[in-house]
Amino acid sequence: MGDATETFYGVIRRQGITRRSFLKFCSFTAASLGLGASSIAHALETKPRVPVIWLHGLECTCCSESFIRSAHPLIKDALLSMISLDYDHMIMAAAGHQAEAILEETRARYKGGYVLAVEGNPPLNEGGMFCIDGGKPFVEKLTSMAEESMAIVAWGTCASWGCVQAAKPNPTRAVPIDKLITNRPFIKVPGGPPIAEVMSGLVTFITTFGKLPKLDHQGRPSMFYSERIHDKCYRRSHFDAGQFVEEWDDTNARKGYCLYKLGCKGPTTYNACSALRWNGGVSFPIQSGHGCLGCSEDGFWDKGSFYDRLTTIKQFGIEQNADEIGMAAAGVVGLAVAAHAAVTAAKRLRHRPDRPAHKGKPS
Amino acid sequence: MRNRAQKFLAAADAALAGRSIRGGTAHIYALVRLWHWANAAAILVLSLTGYLIGTGTPAIWGMASGGFLFGYIRFAHFSAGYVLSAGFLLRIYWALMGNAHAMQIFCVPLWRRCFWRELHHEIRRYSFLAVEPERGLGHNRLAQLAMFFMFTQTITFMVVTGFALYGQGAGTDSWQYKVFGWVFSLWPNSQDFHTWHHLGLWVIVMFALVHIYAVLWDDVVSRRSFPSIK
Amino acid sequence: MAVQTPNGFNLDRSGKRIVIDPLTRIEGHLRIEANLDSDNVIRNAVSSGTIWRGIEVILRGRDPRDAWAFTERICGVCTGTHALTSVRAVENALGITIPENANSIRNIMQLCLLVHDHLVHFYHLHSLDWVDVVSALKDDPKSTSTLAQSISPWPLSSPGYFKDLQIRLGKFFGSGQLGPFKNGYWGHPAYKLPPEANLIAVAHYLEALDFQKEIVKTQAIYGGKNPHPNWLVGGVPCAINIDGIGAVGAIGMERLNIISSIIDRSIEFVEQVYLPDIAAIFSYYKDWLHGGGLSSKSVMSYGDIPEKANDCSGESFKLPRGVILDGNLKEILPIDHGDPEQIQEFVAHSWYKYPGHCCGLLPWDGITEPSFELGPKLKGSKTAIKELDEGGKYSWIKAPRWRGRAVEVGPLARYIIGYAQGKAEFKEPAERLLKGLNLPVTALFSTLGRTAARALECQWAAHQMRHFQDKLVINIKAGNTATADISRWRPETWRKEAKGYGFTEAPRGALGHWITIKDAKIDNYQCVVPTTWNGSPRDSSGNIGAFEASLIGTPMADPQRPLEILRTIHSFDPCLACSTHVMSHEGQEMASIRVR
């Protein structure tokens, strides 16, 4: 392919990086991967771009929208030079059978060599026909494309955990992708949606380093999901000092105090928002005065109101938080104790206290 | 029976006062008392700080850098948690190494006929249908059951979830997370653990209520429990 | 064989049937089928929404203050507009008023969405229906530069700039890996642009891709992130602190400056890139005036962007409010969202069932029970559909009607109503554009008109952002910094039972949410969404919706490559996750796929 091919090398040369620094970058990369520098350089100079098939199930397209917000790399560079996004309903030129032909071609031509990116998830109720794609259940397309893929990237909370359509009572029986596909390398990139630079960072990690990133025990890339929002929140000092916003738009809110008491889920949410921030780093939810919803966490829709500190417990068939349940239970116990004490006192008044309290012999 | 109880408690008191009677046994009972009161103190601190951590404190004034109120509250919670956990570990050690009574709160012999008979008797006694206490030493069967389900189990749950949640703050590479982080594969969203850990607080409050009342009641009714000697 | 629908379209399903599924470059999943006559003119069209998520049933029993977050996830493309509609519905039900600053900030966020969404829609979802990317390679960069400089002062227009781009595109296409441009209809006879115009459009496709991420920073600053910013019942979550302690954490000078700069750049981009491109591209397509459909007959707009907080009157709204029926531009009919006679939804041809089956229901009383059954003339099977039978049920979209009439909604509807109301801000730019193209006003009733109205509205919205940003600053200057009213935040302050509605003009058209609250929980929640109006199937009396109507009579150059259908459907900017999010009764036992 030679000169005609748009490669990673071509892009960085155009961005003003010399061949010398390119080779330096390659030797650094090679050292960290334990490979020869020249082989990496060669690979980046000549390797065809990784084909990516991006499927949409039950979703809201926020992941695609977030992806195109990427500031570094610019998404135009990613599309023209880093990956080959051969199939994605949202931006692809082809439609109908011309679009479907691409899937067949990719399966045949890049067997085991394409990345399957999935946005949204399949519903299983109604024979899968709550999401019809090409006249057939979406789940069929998903499983057939998964079979021959190199790896699967589950974009967003829909594909990773189920998200809003899987919130109770989950009328369509939407399931996360890893419930259906268990035999392929699988990366979860949760978030409603994930941060743009997390998405593009993951893609470029794979194309740059030629391997899948290290994952945590929940299958998320450790580089982005190993710390909580809370751990790197710029309002953390207010948390430690015990300075909380009590009500919306109060003096404390204007001073930027901690949103803990208004239900911020930063302490339980693993994501990079507080470190990378959103939209080129201008803000993130807490910076703009609203607590974290916990949108990259499993089942965050079903933990009670987003504005409650103590989340609702539904297991007892009633909706109460831990304090309400606990106080009620402790109250019942307290009453029982009091009643028992009263009965004891009454009994003791009737019997003389100095009389032996038992009929049996002392041991 | 009462004599025996008095005897060993006197020994325990003596041990606490630094005098040794009949060698090792007294030391051990003294240690059990020490464990008990260390637990009581730790649980008191854990409950109060835990409640505040769950609810948040009223905001304090001044610059964030000048205050560390919530930090201290959390520090007290974690320190008391360590005290409780260390004591609990020692208690487990003693359960394995000590006599049969040492095992009582860890193992309920549900498979034994005599257990059920004795339990039935204790229930009758607490329902004012019988007056005679069943056994002399250690916890009675009802107490044993309460200790096992409300104390031992709850404390185990609280220690495990507590360390797992602590591990979140300490980082996924901390030993706490490595040892206890597995719990998050049960419920991936740790918000659930915060909720259930908080509910555990209330189970312990209930336990404390029952526990203190039962001790006093037993003392008044049968004059056989520990405070009566003091 | 031809039948006439009550709303005046002749349908004939006897000719050759073509199917487009998936119809791409939209949000969600859409299927279009059409019958062509012997001259390859479309004589029958079928629009089928092919997803259903059930978000409204999920909402039942939840805290009304949380509803915005759920409904926001109906759609990530028109992100935030459902959330705004939802907080308005809850505020309407509970009698909550919002401060003036909150109104300005909400307007800025909604206008930001209009600007962003219209721009992305034109360049990334729609332009490839007009622009032949491959043809751009054949061009001489010098003549491209000359053309570009003749239509706009936009600085990125040198011959060198276009040359570099052409080289880059050459390498890209030379690699054989065409990515998103793979299998496009390149070389199709319906493409009319000369190579230099194609190259300009491709350059701007890429520039718009770079620039769109800047516009949404407005939402990120006021709402914390985009897509899916945060909202608040009773106001907005971001507090204002201009020069007090901790001001750097709140909306202060630096934040206001970023937004101001984004607004300036947006106005510049829209006026120097988007609008000149529209004018230039359409000068080559002014003979292609198909796709008008319902727009010349019945259009509707709820109105939006209130100048005054909490004032939902037509005078306060900057976007027009009203309905036009039967092409009678002289009479603008008033809308009442609470009137059970006006907005109703029908399910005769949708995969749902009502107890009575034929009647329409007001959204407050709306019920939906999924009922996936197909008509007798279906080709294929239930899980491998080859051709739908539009005589039976054929879509997950319901059929909403205004007083029983199908209407078109969206930017074109807003411009037609604004034009009919004689509002200068809508009338003059439209007339100027048409005059420049040497077209009569009736040319607006077309695919081209829909796309042009969107571009004009984008410019209008960018300027309105400036208006509300200035208004916000003036209000802060006057010492008013409130952004939320919390007097009815706590459920204890609510009525035991309440019902309300909220509405907006989303980028795609009229959007309404209806809520009933009981014991501080959501009792019923219904959304009627722009694409539900436009993409609706037939109703029980046989009226066809806007998508279907717009395709009738369009000639196709090559039925195997249905570029013309894509062009017209895309001009509506369909959003299928929105239209088919709707609701079900819980506890339905349905056939189910087993998880391995």
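Indices start at 1 and increase along the chain as displayed.
Placed from the backbone N, Cα and C atoms, the Cβ positions cover glycine too.
As the structure is a computational prediction, the values presented were derived from the model and not from experiment.
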- Query: Say TrEMBL lists A:H230, A:C233, A:C258 as binding [4Fe-4S] cluster 2: which of A:C264, A:C295 is in the same site, per that record?
  - Reply: A:C264
- Same [4Fe-4S] cluster 1 site per TrEMBL - residue from A:C158, A:C273 joining A:C60, A:C63: A:C158
- Note on the structure: In DSSP terms, the domain 'NADH:ubiquinone oxidoreductase-like 20kDa subunit' (A:60-202) comprises 59 helix, 29 strand, 55 coil
- When the Cα of A:C233 ([4Fe-4S] cluster 2 binding site) is compared with the Cα of each of the binding-site residues A:C63, A:C158, A:C273, A:C292, A:C295, which one is closest? A:C273
- Which residue counts does DSSP give the domain 'Cytochrome-c3 hydrogenase C-terminal' (A:225-306) for helix, strand and coil? 28 helix, 6 strand, 48 coil
- How many other Cβ atoms are found within 10 Å of the Cβ atom of A:C233 ([4Fe-4S] cluster 2 binding site), counting all protein chains shown? 23
- Alpha-carbon distance [A:C258 ([4Fe-4S] cluster 2 binding site); A:C273 ([3Fe-4S] cluster binding site)] in Å: 16
- Of A:C60, A:C63, A:C292, i.e. the binding-site residues, those within 10 Å of A:C264 ([4Fe-4S] cluster 2 binding site) when Cα atoms are compared: A:C292
- Query: Among the binding-site residues (A:C60, A:C233, A:C258, A:C264), which are close to chain C, meaning C-beta separation under 8 angstroms?
  - Reply: A:C60
- Please work out the mean pLDDT for the residues of the domain 'NADH:ubiquinone oxidoreductase-like 20kDa subunit' (A:60-202). 94
- Task: To the nearest whole angstrom, state the Cα distance for the pair A:C295 ([3Fe-4S] cluster binding site) and A:C60 ([4Fe-4S] cluster 1 binding site).
- Result: 14
- Task: Among all chains shown, work out which of the binding-site residues A:C60, A:C63, A:C158, A:C264, A:C273 has the most CB atoms within 10 A of its CB.
- Result: A:C60
